[in-house]
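S.K.: Structure provided below as structure tokens; questions to follow.
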Amino acid sequence: MASSFSRFSQTLLLLVVFWGITSSSNAQLSTDYYSESCPNLFSTVKFTVHSAIMKEARMGASLLRLFFHDCFVNGCDGSLLLDDTSSFTGEKNAVPNRNSARGFNVIDDIKSAVENVCPGVVSCADILAIAARDSVKILGGPNWDVKLGRRDARSASQAAANNGIPAPTSNLNRLISRFNALGLSTGDLVALSGAHTIGQARCTSFRARIYNESNIDLSFAKTKQSNCPRSSGSGDNNLSPLDIQTPTYFDNKYFNNLIGKRGLLHSDQELFNGGSTDSIVRAYSKNPSSFSSDFVTAMIKMGDISPLTGSKGEIRKNCRRVN
């Protein structure tokens, strides 16, 4: 009897251990997550992203930014994509996103294409991660294997977006603090800021810098002032490239701009303003391969922020609303 009970206990223990290992593995993201359930996922996403960027080069930066803004608010869970409902006010109209975040229609197109080949399988959160990688690669940047297996949030928070995404007026300490709070190092901050080698910013985001700050190249400031009037309400939505040298090519020129005091945003120039990150900026300006390598590492690390896995969340059929 005792022997039978012992064997039963051992069997039960093995089952518990196996269940624990399985549960743990389910909670891990992996690069081959959809290899069997959606083998054509990557080619499907890349086709749509490539088409969108060929129509408008700026779209690559916009898609990359969507991934940043999603991950910085309650983790990489696709919550940014949700439209407002009667039960919650979403993130799209939060201060960092209002009249700024764009590319939602491209994500819709990608989701539709993916649903055609693999209905109900791939999350919107994972589509954001893949689209960000493809955008960087298409615009001349590095390639990497994207970790997948995220599920989609069933709610969103405008308040969390207002508090979670660093403003373009942030000083270095604020930037470091916010990145550290998400498990990202100061080095990750500088590497990820290099994403500003592509894309554009609105006049409202850099008006104070080009008129009021002293750590700025004067000819650069005057050039920007010609398209961004001093008075608020005039030309607010006028655009200027974040990288004046190669605005639609992913390279390390952003860091050269900072050394020359030609960072467009206050938060950009804070990375090279006599502080602790100056040495990293100098290193990246001289070594593009080092920047690319560190950028990839930081992107993967950012993609690991608080994903919903296992039975948490859902796989949305439409990225704009919960099922």
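For all residues, glycine too, the Cβ spot is worked out from N, Cα and C.
Automatic, uncurated: that is what TrEMBL annotation is.
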S.K.: So Cys76 is in a disulfide according to TrEMBL. Which of these is its partner: Cys38, Cys71?
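M.R.: That would be Cys71, the partner TrEMBL lists for Cys76.
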S.K.: Restricting to the same chain and to sequence separations of six or more, state which residues have a Cβ under 8 Å from that of Pro166 (substrate binding site).
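M.R.: The answer is Phe72, Arg174, Leu175, Arg178, Ser267.
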S.K.: Would you pick out, from the recorded positions Arg65, His196, the residue whose Cβ has the largest number of other Cβ atoms within 10 Å?
M.R.: His196
S.K.: I'm trying to understand the geometry here, so how far is the Cα atom of His196 (heme b binding site) from the Cα atom of Arg65 (site 'Transition state stabilizer'), in Å to the nearest whole number?
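M.R.: So the Cα of Arg65 (site 'Transition state stabilizer') lies 9 Å away from that of His196 (heme b binding site).
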